[in-house]
Each structure stands twice: as structure tokens, then as C-alpha cells.
Amino acid sequence: MSSRVVAENALPVTNTTPYFGMMELDDYTRRSAATGASPTLGQLLKHVGDVRKEVVGDGSETPVHQALEIGDGTGMEPRSLPFVLSFSNLTYSVKVRRKLSFSAILPRSRSRLGAAADSEAPAVGDSMFSRTKTLLNDISGEARDGEIMAVLGASGSGKSTLIDALANRIAKGSLKGTVALNGEALDSRLLKVISAYVMQDDLLFPMLTVEETLMFAAEFRLPRTLSKSKKKARVQALIDQLGIRNAAKTVIGDEGHRGVSGGERRRVSIGIDIIHDPIILFLDEPTSGLDSTSAFMVVKVLQRIAQSGSIVIMSIHQPSYRILGLLDRMIFLSRGNTVYKNRTEFALDLIRDLEGSPGGTRSLVEFNKTWQSMKHPAPAAHSNAVHDQNGMSLKEAISASISRGKLVSGATNTNSNPSSMVPTFANPIWMEMVTLSKRSFLNSRRMPELFGIRLGAVVVTGFILATMFWKLDNSPKGVQERLGFFAFAMSTTFYTTADALPVFLQERYIFMRETAYNAYRRSSYLVSHALVSLPSLVFLALTFSAITFWAVGLDGGFSGFLFYFWIILASFWAGNSFVTFLSGVVPHVMLGYTIVVAILAYFLLFSGFFINRDRIPNYWIWFHYMSLVKYPYEAVLQNEFEDPVKCFVRGVQIFDNTPLAAVPEVLKLKLLDSMSNTLGTKITSSTCLTTGADILKQNGVTDLSKWNCLWVTVAWGFFFRFLFYLSLKVGSKNKRR
């Protein structure tokens, strides 16, 4: 019986090279002797050099597995593989808008253009304005563990669509056909747990090292029953498996920070999705954007993953000759149809030529269907044959894989339902929140310039306000200046939170990738996101309050300062939550900033500063109560003018802000005497005419107390966080319609 033995390069390079070199050299010599041709010295030296380079590498390569075929001469077939992912008759179509042209409007003109102008036959439901485009057309096949199945084809052939269909990333009802594992239909929940999906783009936190990135992935995907040392051991083993030991302590990097190479970044992206050793691994063009050597290294890693007992399914656009030697199964697509050929470059060129011809690739499609029907008479029978060949149910296969070390997050549940065997999430919600918060803090700590810019903006704004409104008095002009200061200060606190907009926009696709396959709960991300933002908000609120409160000369003493700090903090919290919610809805930063600035301007307009509540038209009064600026603005007004004995207008000050302000004070006193005689009340130069309560009443601040305004502002923050959670639920489905 023959079996395949995989020799790991687990020893140091200096000890490993001679062993592999002699083994391969002897094998090479024996094969040469069998053919009757003696190798020349140059051939032998070249072969040894190739083996040495393959084993040692140039510092960026991944250690290779050396495969030996050991046979006992019995001629028996190797043991059947436990997992077979089969898919039958997968069909997926979408509606697209039709471009209007003379050929589409005038039948005669269209007929003169020939069949090449539109090789696709009109489908049922097509109209002048829309047509049905078939992205997948009756695709069938199978993938086994221990092998790499590659989906190939020209751009637009449907490679990524097929990967999405197999990974359950197309909405139910849109995709027709069946996908089964060991003959049993795959439940969506089970597929999320036993599989992983690597996107085409590398979505990583830039300021985390390779080792830290993988360690955080281990914290998410491995159960808390595993000790810290075992998780670290798993990460170290994965680093060796991925061949990125030299880059383990290097940060990932981005446009502004130097980090790892493109090939290493791609292998890290693969690593975070295989940390729990999934049974099925989907990859959307993992070699895209890489040079030939880096692409070969990535596929070499995927070969090792497959040989560990996983099903590896990937799309690839332009494979090199070396990569072709690593692929076990290949599916060629052309405009959503399957075409099988042996030679890649010839097949791709032929398909491209045929696509531009009048007949298209229909002849190849029909040939493939005929060949498939001859090889596999019936998909259902084939599915049953797979199940019988393996001799084990899906539950038994998963249990066997877990016993071999697969699905490290694995199960203790003995329920007969395969979907109940593996937990949906590896860790409790509190542990997810701790890990998420720790990762976010670590990434932010290594980019102090971001918080420095926020702090600088608050300090500069506070300094300008403090110097502009320095030590305001209690005159009528001082009252008006206080109102202006409060309106500007409260609106500024909201505007300075707009920097939270790009935070989630940068993390959006990382979040979607991690939650798509149950790395953590969306609620965990929501809470940790809020917790991480609080310390910086507290520091910014304290800084702004300390700079402005005593410099402007606000009232209330230390207790007044504390409330002023709390309302500033509540404003930062509500504004941060509002901007965070918008980041979950708006896809682009510039569009988000435009919306934020516009809405905050409306909030300020309807806050009650420019026009009192009593003067707002009835058809706009609802916006007044929705204004985020209204409640903190009214709260600081009450904090400033709540003292019942403090007077703001005395005697002749009543003429301030009027044309009589320029009249000599003697005449003002005579006017006061005349007013006293008319009113029957003695009014002197020291008589208090306007108190804080009068100012509040004049400005329409009578609805809520200052503490109620504070709680409403805090409640707005929680409300927008809840809306942010809903946007995460709705916007992270990541499925085609």
C-alpha cells in the first residue's frame, strides 16, 4: 500500500540542507541511471543548487515540504480522503442596466451589426432598460481535502463569483444549485465555523507586528480553555508554517509606515484566517499584485495547509508554470461557463479568442457538458457515491478532524446535528471585548500623532475662545457675549469629534472579514469601540473645560466647573457616537465629512441661539428637539444663570445695547426717575432689573433642568451607538444579492 509522507523542515537550516541534498541527489542519480543517461557534473551541481535554494531560501521564502512516495508494492489505492465538497448546477444571474443605443432601439440596425455584437441570447424578463446577466451557468465539480482546487479564467469570467457561491456569500434565493460536504447540505452556521475566507485585499492593522496580529487572531478564534502558552505555541508554529519568521517582529505597515513586504503581508492575511485550522479555506485571488516568486511562496503555503487536511479552494488570474505544478484540480471559466483544458496558457488564450468571435465559447461549453455527463452520469448519484466511498457521515468526519487537531476552537458537544458540534463563537463576550479593546489601544498607541492632532485642535480652539472672551463681566454686553461663547463652544465640541469618522471607515472591511466567520460578536465590537474612545474623550473634555472655564469667568465655582466638564464630556460622547453612526452608513470619508458638517450646522441653527424656541415655525419645531446642540447649550446656560441673587442689569444699564447708550449718564438718571414715576416703583442706579432667571426666560430655556439636559445628551450618545449597531448588523452581511 502506498502512502504519502510529508517531511517538515523543522530542523535548523544548517542541519537540514545536507540531508535533503543527499536524498534528492541520490534519487536524481537513480532516475538518471534508470533512463540510461549519466548526468553531467553541471547538471548535478545545478540540481543540488536548486534543492539548496528551495530548502534554505533567500530569507523571504517559506520552508518547503519534501514529499516522498513510499510503496509496498501491493498496488492498493491510497485511503480515501474524509472530506469532499461537491457542488452541482450552480447558477447565478443578476439584473444589469442596459446601455441604450441605436442598435438596441432599431431592430434593423442591430441585425446589420451581426451576431458578434451581442452573443448572449435575450433572457426571460429582459427589457429595453435592463437585461439579465448570467454570472454562473450550471457549474459543477468537487474539491477534496489534501488538495488545492483552483478556479481560473480571464477577467470577468466569474472566478470570484464561484468562490462566493461556495462560501455562502450569495443571498439565498439568488443562487440556484446545491453545495454539499460529504453528501450533506451545508448549513450556513456550520460553514462559518469550519471554514475561512481570505479576501483579495490585505486588511490588517498597520501598527501591529506580524506576531501580535496573529496572536490577536488566536485570542479571538481559540477557546479560553487553551492556556496562553498553548496559544503562543500555536502562533509560533503558524509563523514557521507561513515562512515569515524573519518578519515576526516587524509591523505590518501602510502608506506612511514602512512594514513587511507584499508577499509577507499576504501570508499574514492567510494566517489570521487559519489560526484555528479550518477544514475549508476559500481564497479570492491570493496571488493578486504579487511578483512571481512571492506568488509561488503563497501557493506553496496553501499547499502545506491543504496537506494538513484542509480543502483549499482559490481563484487565480494568471498562474505561473511553477504554481501550476502545485495545483491539484482546476476549473476554467468563461463568462460564467465551465471549460476544462490541460494547458493553462493555451486555454486562456483560446478562451479569450473565442469570446471575441461570433460563436463565442458555446462549443467548448457544450463539449464540457457532454464530457461531464459521460464522466458523472448523475450529480445525486455522484454525491451518494462520495458519501459511500468515505464511509463516514459529516458528523463523523468533523469529529475525526477535531481528534486530529483541526478546528482548534473545537467541540465537546456530542449532539448528532453537525451544526451543534462546534460552538458559534470560541469565547464569551467579555473576553472578546477585552481582546478588541487591547488591540485597538495598542494600534492607537503606536500612532500618537492621531491623538496629538485631536488634542492640538481642542487646545487651540480653547485658547482662542479663552482669549477672545477673556473675563466677561456681568453687564448686558457680557450676557450677550456669554451666549455667543456658549453657542460656539458647544458646537465646537461636536465639530471636533468629526475625526472619529475615518476610524470605522478604515476598520470596516477588517470588521466585515472577522465577523463574517464568527471571530467575535458585533455587540462585542460595539461595546469595545465605545470603551476605547472614552479615555480620550475624558482627557479632551477636561482640557477644554480647564482652559475656558476660569479664563472666560464663568459662574458657579468648583461645582459649576464640574458640571461644565460633565456637559462638555457628554457633548463629546454624543458627537462621537453620532459621527461613528455615520461612519457605519456612509462609505467614503469625504462624503461623510460633508454630511457631518451640514448636519451639525443645522443642529446649531435650531439650537435656540439664533432664534428662540417660541419664534421657530411649527413645521420646524421637531428639528429643534432633535438638535444635539440644544441640550448642552441650554444646560450651560442654566449652569451660568441659575444663581437667583446674581444681577446682570442694574439701573442705567437698561439702556445698554440701545440707541440711548450714548446719552450722558445724568440724562439716563432723569429717564429712570421718569420711568419710576410712571411705573410707581422707585428705580435707582443700583436697582436690579434683570436676573439670571429673566435671561433664561428670554432665551426660552424653560423646558428641562440642567441635569435633565445632561441626561438627554448622554442618551443621544447611546441612541446613536444603537443605530451604529444596527448599521453593523445590516451592512456587514457581505453577501451578493
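Think of each number as a place in line: the chain as shown, counted from 1.
Each Cβ is built from the backbone N, Cα and C atoms, and glycine gets one as well.
If you look up TrEMBL, you'll see 119-360 marked as domain 'ABC transporter'.
Per TrEMBL, transmembrane segment is recorded for 451-472 (among others). Using a Cβ-Cβ cut-off under 8 Å and counting only residues 6 or more beyond its ends in the same chain, the transmembrane segment (451-472) has close neighbours at 444, 478, 481-482, 484-485, 488-489, 492, 496, 499, 536, 539-540, 543-544, 547-548, 551-553.
Residues or ranges marked as transmembrane segment in TrEMBL: 484-505 (among others).
The transmembrane segment feature in TrEMBL is assigned to 526-551 (among others). Away from its own ends, the transmembrane segment (526-551) comes close to residues 432-434, 436-437, 440-441, 444, 451, 454-455, 458-459, 461-463, 465-467, 469-471, 489, 493, 496, 500, 504, 560-561, 564-565, 568-569, 571-573, 576-577, 580, 721, 724-725, 728 of its chain (Cβ-Cβ under 8 Å, at least six residues beyond either end).
Look at TrEMBL and you will find 563-582 (among others) tagged as transmembrane segment.
Per TrEMBL, transmembrane segment is recorded for 589-611 (among others).
The annotation transmembrane segment is assigned in TrEMBL to 710-728 (among others). A Cβ distance under 8 Å defines the sequence-distant neighbours of the transmembrane segment (710-728), meaning residues of its chain 6+ beyond its ends; these are 511, 515, 522-523, 525-526, 530, 563, 566-567, 570-571, 573-574, 576-578, 580-581, 583-585, 628, 631-632, 635, 704.
Below 8 angstroms of C-beta separation, residues 483-484, 486-487, 490-491, 494-495, 498, 501-502, 505, 575, 579, 582-583, 620, 623-624, 626-630, 633-634, 699-701 of the same chain, each at least six residues beyond the ends of the transmembrane segment (589-611), sit close to that stretch. Residues 450, 453-454, 457-458, 461, 465, 469, 472, 511, 529, 533, 540-541, 544, 548, 552, 568, 571-572, 574-576, 578-580, 582-584, 586-589, 592-593, 596-597, 600, 603-604, 607, 609, 628-629, 632-633, 636-637, 640 of the same chain, all 6+ positions outside the transmembrane segment (484-505), place their C-beta atoms under 8 angstroms from a C-beta of that stretch. If you average pLDDT over the domain 'ABC transporter' (119-360) in this model, you get 84.
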